[in-house]
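> Handing you a structure now.
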Ligand SMILES: Nc1ncnc2c1ncn2[C@@H]1O[C@H](COP(=O)(O)OP(=O)(O)OP(=O)(O)O)[C@@H](O)[C@H]1O
């Protein structure tokens with residue numbers, strides 16, 4: 001990145017801190033930077049008066065007062081700087097973190113979010129201030145502002161020096177600038193090394209999470225892999241940080257050498273001035289002023305160790321942020337989060353783009369879908385065609401690994417098919433906008449998320465873009481069979497579903513499944529038109545499952561329901577059943593039609609029925625038949 005552009009980016013970050021605090025800090029920095037020059041001038045004046053004073057020190061009272069005022073001002077300004085820095089840094093970093101979170105949330109598809117490079121970039125921009133190697137945009141912006149103030153201070157000290165010994169200015173400034181350039185380059189390398197270790201650092205973070213998380217705690221204890229995981233944390237930290245530490249050691253050694261480059265001319269200059277005093281060529285007052293002003297120039301230009309580290313450390317963060325903004329910055333929620341969605345077809349006959357008038361308007365159509373997970377050559381779905389009609393209950397069955405969940409992920413726009421298209425009311429969902437399309441869907445994933453929040457929040461998260469709607473929540477809870485549980489919870493809807501929170505409880509697998517169903521049904525009652533359930537009853541007892549299925553048959557909110565289940569006794573009541581095999585729909589029809597067809601579905605059903613009569617579980621056997 002060009003030098004100037006990077007610097008401007010850092011200064012641009014100051015806008016998040018507000019004009020008042022940045023203005024106050026700039027003034028404080030500038031005054032503080034000018035203190036060495038002012039004290040050099042005041043000191044020279046004072047010593048000159050003291051030397052000339054014949055009738056006591058009274059004639060030096062004024063310069064003495066001036067010197068004291070300068071010192072006091074320095075103290076006052078320095079005291080104000082720290083709180084101002086804190087304010088500016090926290091505001092900049094707060095705005096930065098909020099933007100990182102919203103960009104990560106805006107990544108529309110899982111393949112982008114799972115891309116290791118995107119994950120690295122997100123980790124890099126997270127800039128953890130608790131880790132001394134990481135610099136935040138706040139650190140960088142403050143350092144850049146301070147550096148500008150240092151140059152103001154250097155100019156002031158140089159002006160004082162010019163009045164007494166102008167030749168000392170280049171003697172001090174040139175080596176100081178060279179030393180600074182060398183250090184800046186070193187810090188660029190340091191920041192690059194840190195960025196290269198981000199992936200290893202992410203692995204260490206993952207293992208750290210495994211060691212600390214109560215959810216993993218069960219297995220970690222039973223399987224006894226705690227020590228092993230701690231070892232992995234250490235390995236990850238060493239792999240990511242050892243090169244940084246090694247370079248840092250070199251940097252400190254080199255900084256001693258660059259300090260010498262700057263110090264030697266200062267010492268020579270000082271010796272020359274001291275010699276002039278002893279020869280009577282100049283006065284002690286001049287010598288004092290030159291010494292103080294020279295030190296001012298030396299410190300202002302040369303002593304920029306901290307700034308270089310903060311500036312060069314923060315720049316990669318801002319660069320990665322700019323990349324993320326380019327990739328994901330455009331809103332995937334056109335019209336804002338509380339927009340009103342355009343109405344969808346309610347099943348009346350309509351005209352298709354090809355001009356034909358279908359007997360029944362398809363709500364959703366997947367045609368010619370082929371898809372392989374990124375980085376894998378083998379397609380999971382290949383030539384899949386499927387229509388989801390308005391208000392129907394469509395069951396999707398198939399053996400393990402035949403692509404049922406993958407089909408749902410494509411339908412939800414989490415991955416893009418490699419070939420084929422998905423349309424809603426004849427419009428390609430990419431044209432609708434994935435964000436807008438996702439608002440019409442409600443999905444219970446097989447690996448649903450258990451949020452450490454109250455029951456109410458766990459349910460209303462089902463639609464985060466409309467204001468919480470308590471009547472929709474109650475309705476969803478009733479349909480999901482959650483009412484019994486709610487009546488028994490210590491604080492009803494407000495009970496946190498996490499043992500780690502005060503008053504919190506943990507739920508059984510089946511109870512969690514009911515909460516998650518309520519979440520999905522809440523989405524339906526607040527606008528979603530397609531309800532997708534991937535194994536929603538795996539943890540439910542037979543009676544709860546039967547009751548739930550009865551309620552699904554009533555089509556909550558008149559939504560279409562897509563149900564994935566291995567329990568054929570459950571799905572037999574669906575309007576239509578499709579069997580996936582070989583990456584496509586192999587059989588399709590009602591239960592009776594598929595039994596008459598006497599294909600794979602009928603064979604699976606017979607096996608389950610036999611198991612049922614023999615008292616075994618009634619799930620599809622995962623072995624190929
Ligand atoms: N994120 C992923 N990356 C790569 N391959 C994946 C990913 N997720 C699933 N697969 C592979 O895709 C195939 C289909 O998986 P999918 O989860 O869709 O099957 P399924 O029919 O839902 O299985 P089950 O009945 O066991 O839930 C499997 O071979 C699986 O290994």
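Even glycines carry a Cβ here, placed using N, Cα and C.
Note that TrEMBL annotation is computational and uncurated.
From TrEMBL, for reference:
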{"type": "DOMAIN", "residues": "364-607", "note": "domain 'ABC transporter'"}
{"type": "TRANSMEM", "residues": "29-48", "note": "transmembrane segment"}
{"type": "TRANSMEM", "residues": "60-81", "note": "transmembrane segment"}
{"type": "TRANSMEM", "residues": "151-178", "note": "transmembrane segment"}
{"type": "TRANSMEM", "residues": "257-278", "note": "transmembrane segment"}
{"type": "TRANSMEM", "residues": "284-301", "note": "transmembrane segment"}
> Should the transmembrane segment (151-178) and the transmembrane segment (60-81) be scored as in contact, given a threshold of at least 3 Cβ pairs under 8 Å and pairs 6 or more apart?
no
> For the transmembrane segment (60-81), which stretch among 29-48, 257-278, 284-301 has the most Cβ pairs under 8 A?
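Ranking 29-48, 257-278, 284-301 by Cβ pairs under 8 Å to the transmembrane segment (60-81) puts 29-48 first.
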> Apart from its near flanks, which chain residues at least 6 from the ends of the transmembrane segment (284-301) lie with a Cβ under 8 angstroms of it?
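Counting only partners 6 or more residues beyond its ends, the transmembrane segment (284-301) has Cβ contacts under 8 Å with 33, 36-37, 39-41, 43-45, 47-48, 51, 150-151, 153-154, 156-158, 160-161, 163-165, 168-169, 172-173, 176-177, 180, 262-263, 266, 269-270, 273-274, 276-277.
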> For the transmembrane segment (29-48), find every same-chain residue at least 6 residues outside the stretch whose CB is under 8 Å from a CB in it, and list them.
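Hits for the transmembrane segment (29-48): 60, 63-64, 66-67, 70-71, 73-74, 77-78, 81, 145-146, 148-150, 152-154, 156-157, 159-161, 164, 283-286, 288-289, 291-293, 295-296, 299-300.
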